[in-house]
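Trainee: The following feature annotations were taken from TrEMBL:
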COILED    321-352  coiled coil
DOMAIN    75-134  domain 'LIM zinc-binding'
DOMAIN    141-199  domain 'LIM zinc-binding'
DOMAIN    200-259  domain 'LIM zinc-binding'
Amino acid sequence: MATVVEPSIDNFEIDTICPICKEKVLEGMTKGKKSYHNDCFVCHQCLMPFPEGSNIFENENGLYCEYDNSVLFGNRCGKCGQIILGKCLTAMNMTWHSEHFTCEECGNLLENMPFINRNGKPYCKPCIALIKQQEEKLRKEACGKCKKPIAAEDLLILKGIRYHAFHFPCTVCKTILGADCVEYEGKLYCPKDYEIVTAPVCYTCRRPIFGPSITALGRDFHTEHFVCFKCEKRFDDSVFYEYQDKPYCMLHYNELTQSNCGRCKHPASGKVITAMNKKWCQNHFTCFGCNLDFNITKAPFFEWDLKPLCKQCYDHLPSSVKKSVEKYDQIDKKVKKKREEEEKKAQKKNNK
């Protein structure tokens, strides 16, 4: 930093060394304890003589006029960077034009006002409070992974924390996710794979069901796969019958449960008759030989080849056939009797 040299010029003859040219001064001027040639007593920067009465500044490099001293060694404004020639303000270890020492946010003058140094810039207290509120809001809304702001189209909220969706891949296809991704059972999926993962599975083909489906027997089916377990025909009238946890059409359900008529093979109707371990429609329990209606006539019947015959038709059978029928009938009666005795013994044993 230059020091001010008080001007005091006197012509004299003295045997000294000029500090500028390093030669003996025979005629010149003295300043303090130094002597100068008249031609050497000029500004070291602009090489102009010093105006009368002006301040002269001196440092180890030489003498400087006030302007060049300010340019080379003077204070510069902390905001505009320009040289401060007049009144200046000192704050934050810097100098400022008084009109440039303003709040970085709102621009209000801070001279003689309380301020806060934030990252090397001055702010008024109201602006600092507002900035902190905004930063707290941004902190809460920032990505929990990279801490950067999140655009609406990239937002993913996972377990209450906000993230950029592109930080995560789909659990199935590993594609980078967008904001349209879905969380399911703690895992993230793209829309396509989420639909596949959450879709019901057809009980028949074990494939996901998209679109119309049928729910029956506690299971899901493609509409085209919900068919009779026996004939594999669809239930066009939406009516099905359950047998041993499987769906059947009426015909095969009655067949399995022995509910079909022994003659027409359709479900027995009317006043259902039970005979020969079969069901019979009211009008179908007739002689297979002459169509005699046993239900009306109350006539006895004989079983031949799992079919009922009236006595007259039975008598027309060859004697060898009748003997075989009677023999099998006796054997059947003995088997039934033995079975009944075994059931009675088992019941008595259980009672004990």
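Including glycine, each Cβ sits where the backbone N, Cα and C put it.
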Trainee: What average pLDDT is reported by the model for the domain 'LIM zinc-binding' (75-134)?
Mentor: 85
Trainee: Going by DSSP assignments with H, G and I as helix and E and B as strand, what are the residue counts for the domain 'LIM zinc-binding' (141-199)?
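Mentor: So the domain 'LIM zinc-binding' (141-199) is made up of 15 helix, 16 strand, 28 coil.
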Trainee: DSSP on the domain 'LIM zinc-binding' (200-259): how many residues come out helix, how many strand, how many coil?
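Mentor: The domain 'LIM zinc-binding' (200-259) comes out at 10 helix, 18 strand, 32 coil.
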